[in-house]
Amino acid sequence: MADLPTSFDHPVRIAVIGGTGLQKLEGYVPIATVNPLTPWGYPSAPIHILEHNKVPVAFLSRHGAYHQIAPHEVPSKANIAALRSIGVRTVIAFSAVGSLQEEIRPRDFVVPDQIIDRTKGIRPFTFFEKGVVGHVGFADPFDAKISKVVSACGHALAGDGVRMHDKGTIICMEGPQFSTRAESNIYRSWGGSVINMSALPEAKLAREAEMVYQMICMATDYDCWHDTADVDVAMVMAHMEANGANAKRLVGSVLDELIKEEHSDLVSGKHWEGQTTGMIQFMTKKEGRGAEGVKNVEFLFPGVFS
Ligand SMILES: CSC[C@H]1O[C@H](OP(=O)(O)O)[C@H](O)[C@@H]1O
Ligand SMILES: Nc1ncnc2[nH]cnc12
C-alpha cells in the first residue's frame, strides 16, 4: 500500500477497528492511508481507507500493524479522536473473547449489550479533563440500533456456519495476563457472558465523542473455568484463524448493510449529536475552563466553545 495517497478529502462515516487476528480487511479496494496526529498522539496504526461498493470505509488495527501494542497500551484516545477527525461517526469494533457460558461455544459470535469494567484505572479513559469537565450517560454502552443490524447480518449467515448470540455482558479485564480460575468463576457468577481486554476505554471514549459504537465478539476459548483446556494465546489464534473467513464474511455483510442509503442517518450518528457538546458547554463555566482541556476538546468538536 506504499503508493497510496496519504490524505482523503471526503468524510468517511464508518470504521472497523480490528482486534486480535483481524489486522486487515481483505477484499476491499484500498484508496488511501491516513495517519492523523491528535492531541493524544497517533492512532495505533495508519488508518486504511478502503472502498466498498463505491463507499469509503476506514479500517484501524487496534494492536498496531504487527500486533505490537498490548491491550493496556492501546492509544484509545488517539484512535477514537483520529477516526472522528476523518468523519467517522460509526465504529464496528471486533474483538476475540473468552466465553464464560457453556452455550457460547468457541467460534460463536456475540453482539454484547453490556460491559463490566475490570480494568484497573491505568488506561487514559476520558477526553474531559484539564479544565473541561463532562459526564456522559453509559447505562447502555453499545448502540441498540446498530446492534439489531449486526445481529440480523449474523443470523443471515447461519448457513455459512455463523452462530450469533444477540446479547451478552462483556467483562473487560486489565490483562495482559489471563484470569485466575477464581476470577473466571466470579465473573460467571456476576452474569458475564464473555471476557476480553479491549472493550474499555474504547466504548467510553466513543460515547464521549458522540459516536455510534458496537463491538462484535468472537469466542476463541472457554477461559479457564471450563473443564476443557485453559486458554492460551495459541488457542485464541487457532480459533481466530479457523473461523477468520466467517469473521470477515460477517464484517463484510455488516458493512454492505450499513452503507445502504436507508441507514445514512443512523451511521451519521444523528441520534448522538449534541448529547456531549450540549453538556460540556454548560458544565464548566467559561472562566474556569483550562486552556489545554479546551484545545483538546476543540480537536474533537471544532468550534464547540466559540
Ligand atoms: C490474544 S488473547 C487476548 C487479547 O485478545 C483480545 O484482543 P482484541 O479484543 O483486540 O481482539 C483481548 O481483548 C486481548 O487483548
Ligand atoms: N479468555 C480470555 N480472556 C481475556 N481476553 C481474551 N481474549 C480471548 N480470550 C480471552
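Numbers run from 1 along the shown chain.
From the backbone N, Cα and C atoms, a Cβ is placed for every residue, glycine too.
TrEMBL does not curate its annotations; it predicts them automatically.
Copied over from TrEMBL, here are the features:
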type    : residues                                  : note
DOMAIN  : 13-255                                    : domain 'Nucleoside phosphorylase'
BINDING : THR20, ARG62, HIS63, SER95, ALA96, SER198 : phosphate binding site
SITE    : SER179                                    : site 'Important for substrate specificity'
BINDING : MET197, ASP221, TYR222, ASP223            : substrate binding site
SITE    : VAL233                                    : site 'Important for substrate specificity'
Residue among binding-site residues THR20, HIS63, ALA96 with Cα closest to the Cα of ASP223 (substrate binding site): ALA96
What kind of secondary structure is VAL233 (site 'Important for substrate specificity') part of, going by DSSP in three states? helix
Measuring Cβ to any atom of ligand 1 with a strict under-6 Å cutoff, which of the binding-site residues ASP221, TYR222, ASP223 qualify? none
Which chain-mates of SER198 (phosphate binding site) that are at least 6 residues away have a CB under 8 A from its CB, listed by sequence? GLY19, ARG62, PRO71, VAL74, ALA93, SER95, CYS172
DSSP, reduced to three states, assigns ALA96 (phosphate binding site) to strand
Compute the mean position of the Cβ atoms of THR20, ARG62, HIS63, SER95, ALA96, SER198, which form the recorded phosphate site, and then list in sequence order the other residues of that chain whose Cβ is within 8 Å of it. GLY18, GLY19, GLY21, LEU22, PRO71, PHE94, ASN196, MET197
Around SER95 (phosphate binding site), how many other C-beta atoms are within 10 angstroms of its C-beta? 26
If you count the other Cβ atoms within 10 Å of each Cβ, which of the binding-site residues ASP221, ASP223 comes out on top? ASP223
So how far apart do the substrate binders MET197, ASP221, TYR222, ASP223 get, largest Cα to Cα in Å? 15
